[in-house]
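Visitor: Just lifted these from TrEMBL, have a look:
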- 9-45: domain 'RING-type' (DOMAIN)
- 83-124: domain 'B box-type' (DOMAIN)
- 142-179: domain 'B box-type' (DOMAIN)
- 200-263: coiled coil (COILED)
Amino acid sequence: EDDFQFIRCEGCRQESPNLKLLTCLHTLCLGCLGKNKPTGQCPLCWTTIPQATGIPDMDNVLFTNLQARLKVYKKIVDGVDLLCDNCKKASEFWCSECEEFLCTKCFKAHQHYLKRESHKAKRVMDIRTGSAKDFLEGTRRIGNLSCSNLTHKSQTVSIYCKKCEKALCCICALLDTQHAPFCDIRSETQRRQEELGTMSQELKQKRSGFEATYTALQDEAAQLEEAQREMRELIQQRVEQLVRQLRQEEEELLGLVEARQEQGRRELARELRHVEGVLRRMEAGERLVEKMSLYATEQEVMDMQPFIKGSLEELQQLQPVALDQAHPGDLGECRARLQAL
């Protein structure tokens, strides 16, 4: 569906199982990152990629997991090879907790033995008539966090240690006295989501300043081009009235105009590129936070929030460039020489 085009690579617009999240909050696949490695910059906003390999360490687990879940939904909608994962008969149900298709017989056994686990299997026909958003909401599990202690992977995680900044199971919380203070994992997940939302709102307000700067720089660039055009015409008219001995002066003046024009164009292009890059980073941040609030599981929030928070804090420190500085491409020297001539 068009609503989920955002899970594709922002460079090549293709789906990829290996999506990386850059510090500028743009998402690229390994293929695009490999092609862009010589520049060492994000191809969308030109932010430097800090890793020497050109491959960021942070995986966009939100987008890759959404791709996997949407593939299941597409399989259900298309009705291709919908076989029970247990007995290989035609499936009639889907359990999002087990991530398995079930026939009617296996579904009854599933409901009997897992009735205390709150597994809610849905009919394939009901999923097929619903939307992708409905399917994703139904598969957005709450209790899929894993304990940071590798020996307790099978334990349910419901506690968060503020000191260690890790999710814990009850065994860790009770036996290891170094962990304190505690809070409920759902409360911590909600707090992190709200923190990202607040930062995103603050960036929206700050974004207006960068947009105003970008517009002003574009206007100044247009004025610069017009001034260069007028000055070139004036120089050519005046020089044509001079004697042959002054042709060399004409060439010098034209060269000076071209030099100032090129200098001004480079300076304005650099500023425009910088501000446009910041705006794209802000858009990427707003979009990512919005999608996390809609579709991220708690594990995805716990994995990605610190990284995203760092990038958003970096964006908050940026300020629009001052426009009261000296204008690039100043033609004062050229006008003075022309007057003297």
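Cβ coordinates come from backbone N, Cα and C, glycine included.
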Visitor: Please spell out the DSSP helix, strand and coil residue counts for the domain 'B box-type' (83-124).
Guide: 14 helix, 11 strand, 17 coil
Visitor: Give the mean pLDDT for the coiled coil (200-263) on the 0 to 100 scale.
Guide: 85
Visitor: Just to be sure I understand, if DSSP states are collapsed into helix, strand and coil, how many residues of the domain 'RING-type' (9-45) fall in each?
Guide: 6 helix, 7 strand, 24 coil
